[in-house]
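Engineer: Attaching a single structure in structure tokens format; questions to follow.
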Amino acid sequence: MTTEDRVEIYTDGACKGNPGPGGWGALMRYKGKEKELFGGERGTTNNRMEIMAVIRALAALNRPCKVVVYTDSQYVQKGISEWIHGWKARGWKTAAKEPVKNADLWQQLDAERNRHLDVEWRWVKGHAGHEFNERADQLANKGVESV
């Protein structure tokens, strides 16, 4: 399967102060077409905005799709592809038996992921000149400015 058969989603989160006002952004690409999404919250964290960007992008897809998500957040990439299995098995507790931070958003992200046929998670280095990741960053900053 080529990437042309998949929806590509580039996501980012931003926060002015952590916690503080924050924003999320997502650039969605499919067969030459693009859609930009962004939003913000007054009192939030960077990690919450990173997760929210992916939730909102996956939710914007009207039907089950094959998706590649690109994120510069190792927290998101590892959380959804590695850590979430243990969290769920332990009733949303960490290995240290502490409540999982942002469990509400992880649960939403898990539900959105499960709506789709296949979701692949790829980490990209942030602020390294990757065109589409830079655009997601700009959208996240627009989200901060919107609150």
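Note: Cβ is positioned from N, Cα and C throughout, glycine not excepted.
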Engineer: Since Swiss-Prot lists Asp12, Asp72 for Mg(2+) 1, which candidate among Glu50, Glu82 does it give for that site as well?
Structural biologist: Glu50
Engineer: If you run the three-state DSSP split on Asp137 (Mg(2+) 2 binding site), which class comes out?
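Structural biologist: DSSP call for Asp137 (Mg(2+) 2 binding site): helix.
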Engineer: Give me the count of other Cβ atoms within 10 A of the Cβ belonging to Asp72 (Mg(2+) 1 binding site).
Structural biologist: 22
